[in-house]
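Undergrad: First the structure, which I've put down as structure tokens, then a few questions once you've had a look.
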2 protein chains.
Amino acid sequence: MGIDPGLTRCGVGVVEGRPGAPGTMVAVDVVRTDPEAGLADRLLALDEGLRALIDAHRPEAVAVERVFSQHNVASVIGTAQASGIALLAAARSGLPSATYTPSEVKNAVCGNGTADKRQVTTMITRILRLTEPPKPADAADALAIAVCHLWRGGVQARIAQAAAKERIR
Amino acid sequence: MGIDPGLTRCGVGVVEGRPGAPGTMVAVDVVRTDPEAGLADRLLALDEGLRALIDAHRPEAVAVERVFSQHNVASVIGTAQASGIALLAAARSGLPSATYTPSEVKNAVCGNGTADKRQVTTMITRILRLTEPPKPADAADALAIAVCHLWRGGVQARIAQAAAKERIR
């Protein structure tokens, strides 16, 4: 499951496959919260939405786009809070998680870390052999994050999982 | 309950009282997470630590210091994630929450929005009639946030609660 964190719109994409193979889209969705609501209520709605999707799709791992401080300063705090809720939701479900920078995601699906949104959408539509671009448009990024993890993260995730088990002993 | 959000050290202060009266310290603590651990594990440890303190002290409301983007850019994302976890913990426990800027907190306890850390510690020690400054030192800010809410937030919190109930109907 790939998560493109956001407080107003949080993209979620579920992809099935294995490293090296193209992968198949299982689901794509956006969890929305009401910008008029209080912050705590919005975080709770996001938590409930993400946990419902985790329960529905039972992914093996969760990948979340890493928040960067060079983003719009006004929105970075909300995005950081949303990414924290996403990582917490994964951990509470006992799932391993990973984070990727936007350029890692673009590089994985486009072979170019500075690819624009349109290129990511074009490539993810092609990689997952979809008949049309995923909708809503922001969900394409979440699918790209999931594909990035599938291709790049498999090995790292297994190492992290082994390390986590080692810590529990 | 006042929470001074942080990923490595998260201050928690519990104060009992009412607007206009000095208030009494009920508890002061710091939830620590291991900087060597993975981010998701740290957020889970913070969530569990805060929820245990909420369960132990059953506060009527939770006040969290608002994260500002002018803070150290490298740490603002971790602090924002910690504040999101704190607000989510309050919401999941059905508690009303409020956020205050650092200068609102300083103004409430010192009468001066640009007071330094030492002044906040001195004033909170005096206000809560403690025999010595609260320890650890970062916990003084959490107590100041709790006192700020007690004095400033009572009315706003009741309005927010009434509005929340109105939305549920």
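Note: Cβ is positioned from N, Cα and C throughout, glycine not excepted.
TrEMBL: automatically predicted annotations, no manual curation.
TrEMBL lists B:D4, B:E65, B:D138 with the feature active site. If you look up TrEMBL, you'll see B:D4, B:D138 marked as Mg(2+) 1 binding site. Sequence annotations record features per position, and here TrEMBL assigns Mg(2+) 2 binding site to B:E65.
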Undergrad: Measuring Cα to Cα, how many Å separate B:D4 (active site) from B:E65 (active site)?
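TA: So the alpha carbons of B:D4 (active site) and B:E65 (active site) sit roughly 6 Å from each other.
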Undergrad: With every protein chain in view, what's the tally of Cβ atoms within 10 Å of the Cβ of B:D4 (active site), excluding that atom itself?
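TA: Result for B:D4 (active site): 28 neighbouring Cβ atoms inside 10 Å.
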Undergrad: Identify, among the active-site residues B:E65, B:D138, the residue whose Cβ has the fewest other Cβ atoms within 10 Å in this structure.
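TA: Each of the active-site residues B:E65, B:D138 was scored; lowest Cβ tally within 10 Å is B:D138.
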Undergrad: Round to the nearest Å and give the CA-to-CA distance linking B:D138 (active site) with B:E65 (active site).
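TA: Their Cα atoms are separated by 13 Å.
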Undergrad: Helix, strand or coil at B:D138 (active site), per DSSP?
TA: coil
Undergrad: Going by DSSP, is B:E65 (active site) sitting in a helix, a strand, or coil?
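TA: The residue in question, B:E65 (active site), is strand (DSSP, three-state).
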